[in-house]
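Engineer: Grabbed the feature section from TrEMBL, which reads as follows:
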type	residues	note
SIGNAL	1-23	signal peptide
DISULFID	C34-C116	disulfide bond
BINDING	D66, V69, G71, D73, S75, E89	Ca(2+) 1 binding site
DISULFID	C67-C72	disulfide bond
DISULFID	C122-C325	disulfide bond
BINDING	P164	substrate binding site
DISULFID	C201-C234	disulfide bond
Amino acid sequence: MGLSKTIPLVLLPILMFGVLSNAQLTSDFYSTTCPNVTAIARGLIERASRNDVRLTAKVMRLHFHDCFVNGCDGSVLLDAAPADGVEGEKEAFQNAGSLDGFEVIDDIKTALENVCPGVVSCADILAIAAEISVALAGGPSLDVLLGRRDGRTAIRADAVAALPLGPDSLEILTSKFSVHNLDTTDLVALSGAHTFGRVQCGVINNRLHNFSGNSGQSDPSIEPEFLQTLRRQCPQGGDLTARANLDPTSPDSFDNDYFKNLQNNRGVIESDQILFSSTGAPTVSLVNRFAENQNEFFTNFARSMIKMGNVRILTGREGEIRRDCRRVNG
């Protein structure tokens, strides 16, 4: 599945989202100061993705993990630097050893600093790169809103507390989203990003071999044949850093197969399957709608991306424009 499936979406009026009304973000923020920002980013992501089919999913995950920890401020990109008061979110349990894609963000930053130094924030680079990555994988395109500035701190404990975990209940997931003014529709739509990419076996190991602390037991919500497939890919006592496809039907394409998998009890992560397996929950009807209508999923995903991209942003004179995305300015 390629770009032929991409559906362009007109930017929805900002007033539709109350949390955006004072955001100061615009789709043409760099039209005069760095007009080629998107073209430069796209070229580098296209080149990198030819060498790594997983790159687009990695970049999308970076943007999500940035915004969910104290807002979309590029903090996830910072290397730990105790002298600067930066603990580093990269070392958080949910990120350590699994978060990736930093190099292409570095490449984009370097290229932009060469043509428009001190103009484009790392936080905006993440937002642009995530939108491009989704579109390249066959998903929806949108006019990403820009104008964020970069934060100067990264707190590991905040990342641990804020980022979703595989065993999270629906109540906990809903709470982690609602903190950012993201509702149930946003939860289901953004979870749909698991339609591409991989997950480390360590994330699903207990679900396959030690469910609810019972050795040898598996999550009964997993379809039996699929359970055996997952157990072969992630055997008990095996390499916890090995990976399984999040969407076994079309692992590198952005489509609505993720929701069809949930309907068939073939969600890989427990917190994915729970969206459909929670009888009577409002998430169930959304899964059904998105499974039936890919365009509806794409439209809602684009809306939710715009909302998520506006979480606790820094604008104006707040924060800074980092020269290097991995460290705060001196």
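Any Cβ shown, glycine's included, is placed from N, Cα and C.
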Engineer: Do any of V69, G71, D73, S75, P164, C201 (recorded positions) have a CA within 10 A of C122 (disulfide bond), and if so which?
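Structural biologist: Cα within 10 Å of C122 (disulfide bond): D73, S75.
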Engineer: Of the recorded positions listed here (D66, C67, G71, C325), which is spatially closest to C116 (disulfide bond) when Cα positions are compared?
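Structural biologist: Result: the closest of the recorded positions to C116 (disulfide bond) is C325.
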Engineer: For G71 (Ca(2+) 1 binding site), list the number of other Cβ atoms lying within 10 Å of its Cβ atom.
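Structural biologist: G71 (Ca(2+) 1 binding site) is surrounded by 19 other Cβ atoms within 10 Å.
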Engineer: Taking the Cα of D73 (Ca(2+) 1 binding site) as the centre, which of the recorded positions listed as C34, C67, P164, C201, C234 lie within 10 Å of it?
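Structural biologist: Those close enough are C67.
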Engineer: 10 Å Cβ neighbour count around C234 (disulfide bond)?
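Structural biologist: C234 (disulfide bond): 24 neighbouring Cβ atoms within 10 Å.
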Engineer: Which of the recorded positions listed here (C34, P164, C325) have a Cα atom within 10 Å of the Cα of S75 (Ca(2+) 1 binding site)?
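Structural biologist: Within 10 Å of S75 (Ca(2+) 1 binding site): C325.
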Engineer: Counting distance between Cα atoms, which of the binding-site residues D66, G71, E89, P164 is nearest C234 (disulfide bond)?
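Structural biologist: Comparing Cα positions, the candidate nearest C234 (disulfide bond) turns out to be P164.
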Engineer: Could you check which of these binding-site residues, D66, E89, P164, sit within 10 Å of C72 (disulfide bond), going Cα to Cα?
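Structural biologist: So the list reads D66.
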Engineer: For P164 (substrate binding site), which of the recorded positions C34, V69, G71, E89 has the nearest Cα in space?
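Structural biologist: Its closest listed neighbour, by Cα, is V69.
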Engineer: Any idea what the Cα distance is from G71 (Ca(2+) 1 binding site) over to C201 (disulfide bond), rounded to a whole Å?
Structural biologist: 28
Engineer: Where the distance is taken from Cα to Cα, which of the disulfide-bonded residues C34, C201, C325 turns out closest to V69 (Ca(2+) 1 binding site)?
Structural biologist: C325
Engineer: Let's check the environment of S75 (Ca(2+) 1 binding site): how many other CB atoms sit within 10 Å of its CB?
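Structural biologist: By my count, 28.
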Engineer: Provide, as an integer number of angstrom, the distance between the C-alpha atoms of C34 (disulfide bond) and C325 (disulfide bond).
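Structural biologist: C34 (disulfide bond) to C325 (disulfide bond), Cα-Cα distance: 18 Å.
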